[in-house]
Amino acid sequence: MNIVILAAGTGKRMRSALPKVLHPLAGRPLLAHVIDTARTLNPTRLVVVVGHGADQVRTAVAASDVQFALQEQQLGTGHAVQQALPLLDPSAPTLVLYGDVPLTKASTLKRLTDAAGHDGYGVLTVTLDDPTGYGRIVRDAQGKVERIVEQKDATAEQQKIAEINTGIVVMPTKRLDGWLSSLKNENAQGEFYLTDVVELAIEAGIEVVTAQPDEEWETLGVNSKQQLAELERIHQRNVADDLLVAGVTIADPARIDVRGTLECGRDVSIDVNCVFEGKVTLGDNVSIGPNCVIRNATIGAGTRIDAYTHIEGAQVGAQAVLGPYARLRPGATLSDETHIGNFVEVKNAVLGHGSKANHLSYIGDSDVGARVNIGAGTITCNYDGANKFRTIIEDDVFVGSDTQLVAPVRVGRGVTIAAGTTVWKDVEEGLLVLNEKTQIGKTGYVRPTKKKS
């Protein structure tokens with residue numbers, strides 16, 4: 001089967017310089033969702049018709065199995081499909097999809113193609129309470145499809161018809177060249193409508209069959225930012241429902257966003273307003289507090305993530321505790337039973353089993369052993385303005401509060417670092433290290449007071 005995806009439109013109502021089909025839904029371009037669905041049908045040819053912003057669209061969805069046809073002037077859907085003809089296999093049927101209709105299920109498309117067969121003509125239709133703005137399916141007295149009439153060309157009687165054309169059709173490719181060449185643009189838009197091919201098919205003795213989707217939202221398109229937002233919420237609720245069915249506890253299914261893939265073990269719980277991006281894997285019994293953002297990360301079983309924690313490109317072991325207000329940046333690798341507390345940032349660093357940094361610290365470009373305690377206000381000074389260096393902290397080290405470790409530096413096993421120490425030289429294992437300072441107490445000091453106005 002050939003699949004042609006129409007993606008050449010300007011999308012004026014989006015009021016954006018970005019081509020309409022590249023606006024994101026769940027973190028990915030609208031067109032990418034359509035291509036993914038098309039791939040599940042195993043097409044022999046997959047062609048995207050581009051026009052407005054053609055170079056941007058090509059770059060965004062380029063792949064070895066995707067070919068592109070250029071529609072230099074947007075002269076209608078029939079003209080768009082005509083541009084793809086040289087790339088199609090004439091011996092296979094052609095399914096036409098739209099780059100701004102991202103939620104159609106593969107099962108719905110399969111139902112349509114099965115109904116049409118190899119040489120038939122199939123139209124995906126839907127019945128709406130308010131069909132205003134859509135092309136109507138006109139049937140004869142026996143219920144057979146006669147033609148499709150666009151809203152602007154429909155009579156008052158035809159505008160009462162509730163069954164509408166979604167635009168998604170499957171057609172015998174070997175007949176398309178003749179049909180498309182016969183189209184006329186004698187309509188209110190002055191365009192070559194793909195819908196007019198229906199009458200040509202009927203004239204050729206081909207019965208036009210129809211199929212309908214399971215859900216009305218499968219055929220909704222995007223023409224404005226409002227419609228994009230509506231489809232985003234539909235998609236996210238569908239994702240949330242799938243997670244609930246799989247056994248995930250979600251505090252409010254209307255307040256979760258998955259912009260990629262989220263894999264969950266058993267008894268995972270997710271509080272409100274959490275965002276998951278890229279590929280995220282949550283082990284059994286993971287608990288996530290409200291307002292967390294997790295991107296491209298793996299979280300081990302039994303780990304608790306408290307509110308407002310941000311995690312990106314990190315690996316977290318089992319039974320860890322993160323947050324609230326913790327930040328794991330790319331390259332952070334935490335072993336089992338580690339604790340990263342409030343206002344602690346970890347970047348490109350490894351923390352061993354049971355190590356803790358509970359308050360107000362920065363751990364960057366570091367290798368931290370097991371059972372290390374990092375006191376509040378500890379900073380690994382990893383950057384000299386031009387280069388970054390690593391800090392090595394071996395097992396069982398106690399780092400006092402307000403410590404600065406100036407990399408490159410190594411702290412040996414079992415070292416105790418006193419509060420307020422700056423460590424700029426390697427420390428042998430087992431030592432107490434401190435910077436000697438004299439504490440002075442002065443008498444006679446008068447604290448300034450505010451003047452009353």
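Glycine too: its Cβ is placed from the backbone N, Cα and C atoms.
Feature list (source: Swiss-Prot):
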{"type": "ACT_SITE", "residues": "H359", "note": "active site, proton acceptor"}
{"type": "BINDING", "residues": "6-9, K20, Q71, 76-77, 98-100, G135, E150, N165, N223, R329, K347, Y362, N373", "note": "UDP-N-acetyl-alpha-D-glucosamine binding site"}
{"type": "BINDING", "residues": "D100, N223", "note": "Mg(2+) binding site"}
{"type": "BINDING", "residues": "A376, N382, Y383, S401, A419", "note": "acetyl-CoA binding site"}
{"type": "REGION", "residues": "1-225", "note": "region 'Pyrophosphorylase'"}
{"type": "REGION", "residues": "226-246", "note": "region 'Linker'"}
{"type": "REGION", "residues": "247-453", "note": "region 'N-acetyltransferase'"}
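Sorting each residue of the region 'Linker' (226-246) by its DSSP state yields 20 helix, 0 strand, 1 coil.
Taking the Cα of N223 (Mg(2+) binding site) as the reference point, the closest of the recorded positions L6, E150, H359, N373, S401 is L6. Calculated from their C-alpha atoms, the gap between G99 (UDP-N-acetyl-alpha-D-glucosamine binding site) and Y383 (acetyl-CoA binding site) amounts to 46 Å. It is 48 Å from the Cα atom of Y383 (acetyl-CoA binding site) to that of G9 (UDP-N-acetyl-alpha-D-glucosamine binding site). The binding residues for acetyl-CoA are recorded as A376, N382, Y383, S401, A419; their greatest pairwise CA distance is 22 Å. For N373 (UDP-N-acetyl-alpha-D-glucosamine binding site) paired with D100 (Mg(2+) binding site), the C-alpha to C-alpha distance reads 53 Å. When other Cβ atoms within 10 Å of the Cβ of N223 (Mg(2+) binding site) are tallied across all protein chains shown, the result is 16.
The region 'Pyrophosphorylase' (1-225) scores a mean pLDDT of 95 in the predicted structure. Residue pair N382 (acetyl-CoA binding site) / G76 (UDP-N-acetyl-alpha-D-glucosamine binding site) shows a Cα separation of 59 Å.
Annotation for H359 (active site, proton acceptor): spatial neighbours G341, N342, F343, V344, G375, A376, G377, criterion Cβ-Cβ under 8 Å with sequence separation of six or more. L6 (UDP-N-acetyl-alpha-D-glucosamine binding site) sits 8 Å from D100 (Mg(2+) binding site), counting Cα to Cα. A Cα-Cα distance of 22 Å separates S401 (acetyl-CoA binding site) from R329 (UDP-N-acetyl-alpha-D-glucosamine binding site). Its Cβ placed at the centre, A419 (acetyl-CoA binding site) has 14 other Cβ atoms within 10 Å.
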